[in-house]
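Colleague: Below you will find the structure I want to go over with you.
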Amino acid sequence: MALIKTIAELEKIRMTGAIQRQVMAELKRNIAVGVKPIELDELAEKLIREAGATPAFKNYQPSGARKPFPSTICASLNNVVVHDIPNDQPLKNGDLFKIDLGVRYQEYNTDSAITVILGAPKDRRAYELVEVTRQALELAIVAAQPNAHLGDIGHAIESHARAHKMSVVAGLSGHGIGQSIHEEPSVFNVGSPGQGLELRPGMVLAIEPMITLGAPQLIQTPTEAFATQDGSLTAHFEHTIIITVNGPETVT
């Protein structure tokens with residue numbers, strides 16, 4: 001897929017992003033203690049299809065996966081970072097709940113993620129973790145200027161996590177996005193300023209910091225999700241952005 005999208009392609013991505021924003025906002029409103037992740041998954045699919053779009057993740061098989069992903073959302077709890085399958089276990093007080101959502105409309109995809117704390121977590125640093133991860137995404141988007149580099153994005157995320165004595169999880173990254181969910185380039189959450197691919201207007205990136213209170217090493221679960229090896233809490237935020245001549249434009 002081309003790194004630089006056409007004006008027509010960018011407009012389709014903006015339309016997809018508008019649907020994604022509406023669906024994610026409604027999902028966030030419905031997250032509560034006692035709600036089952038599978039219920040949120042069903043709601044997400046219903047809302048996406050009512051908008052004339054399709055769930056981008058459902059039946060998608062990323063490189064390295066043993067089988068296609070069966071659900072509309074990734075629903076990950078506590079030390080699970082991403083890619084878990086929604087189940088019928090009610091959300092509990094103290095959970096850190098992550099939703100990763102992809103939408104496909106007129107052959108183009110967008111991708112975003114949020115982390116929500118339910119009630120009062122046992123580890124009070126959970127609040128700081130969620131806020132630091134959200135801030136890391138904001139800083140990374142600001143760093144995604146035309147003529148900047150991918151390393152500037154990764155450095156913004158990594159340096160903010162380290163400043164708060166937290167770790168960027170190992171082995172996972174953001175990505176380009178367009179007609180495919182995962183396109184080049186990989187958008188790493190670590191990096192050095194001025195290094196890596198130069199950012200140019202027309203590029204579309206999904207930036208997604210994933211940060212933990214503990215060590216960065218991950219394990220893969222039986223459901224092919226990724227979780228921290230030491231059991232430490234994780235947070236995940238993501239937006240799809242367009243690099244424009246005037247700077248980054250968040251479409252989700």
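For all residues, glycine too, the Cβ spot is worked out from N, Cα and C.
What TrEMBL records for this protein is below:
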type: DOMAIN; residues: 11-244; note: domain 'Peptidase M24'
type: BINDING; residues: HIS83, HIS182; note: substrate binding site
type: BINDING; residues: ASP100, ASP111, GLU238; note: divalent metal cation 1 binding site
type: BINDING; residues: ASP111, HIS175, GLU208, GLU238; note: divalent metal cation 2 binding site
Colleague: Can you tell me the three-state DSSP label for ASP100 (divalent metal cation 1 binding site)?
Modeller: strand
Colleague: Given the binding-site residues HIS83, ASP111, HIS182, GLU238, which one's Cα is the least distant from that of GLU208 (divalent metal cation 2 binding site)?
Modeller: GLU238
Colleague: Anything within 10 Å of HIS83 (substrate binding site)? Look among the binding-site residues ASP100, ASP111, HIS175, GLU238, comparing CA atoms, and list what you find.
Modeller: ASP100
Colleague: Are there binding-site residues among ASP100, HIS175, GLU238 that sit within 10 Å of HIS182 (substrate binding site), Cα to Cα? If so, list them; otherwise say none.
Modeller: HIS175
Colleague: For the divalent metal cation 1 site (ASP100, ASP111, GLU238), what does the 8 A shell look like? I mean other same-chain residues with CB within 8 A of the CB centroid.
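Modeller: The answer, listed by sequence position, is CYS74, LEU101, GLY102, SER112, ALA113, ALA206, GLU208, HIS236, THR240.
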Colleague: Near the Cβ of ASP100 (divalent metal cation 1 binding site), how many other Cβ atoms are there if near means within 10 Å?
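Modeller: I get 23 for this one.
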Colleague: Kindly assign GLU238 (divalent metal cation 1 binding site) to one of the three DSSP-derived states: helix, strand or coil.
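Modeller: For GLU238 (divalent metal cation 1 binding site) - judged by DSSP and reduced to three states - the answer is strand.
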Colleague: Would you list the other residues of this chain near divalent metal cation 2 - those whose C-beta lies within 8 angstroms of the C-beta centroid of ASP111, HIS175, GLU208, GLU238 - in sequence order?
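Modeller: Leaving out the recorded residues gives ASP100, SER112, ALA113, GLY174, ILE177, VAL187, ALA206, ILE207, HIS239, THR240.
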Colleague: For HIS175 (divalent metal cation 2 binding site), just count the other CB atoms lying within 10 A of its CB, please.
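Modeller: By my count, 21.
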Colleague: Among the binding-site residues listed here, HIS83, HIS182, which has the most company in the form of other Cβ atoms within 10 Å of its Cβ?
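Modeller: Within the set of binding-site residues, the most crowded position is HIS83.
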Colleague: Calculate the distance in Å between the alpha carbons (Cα) of ASP100 (divalent metal cation 1 binding site) and HIS175 (divalent metal cation 2 binding site), and round it to a whole number.
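Modeller: Pair distance, Cα basis, whole Å: 14 Å.
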Colleague: Does DSSP put GLU208 (divalent metal cation 2 binding site) in a helix, in a strand, or in coil?
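Modeller: GLU208 (divalent metal cation 2 binding site) sits in coil per DSSP, no helix or strand.
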Colleague: Quick check: in three-state DSSP terms, what is HIS175 (divalent metal cation 2 binding site)?
Modeller: strand
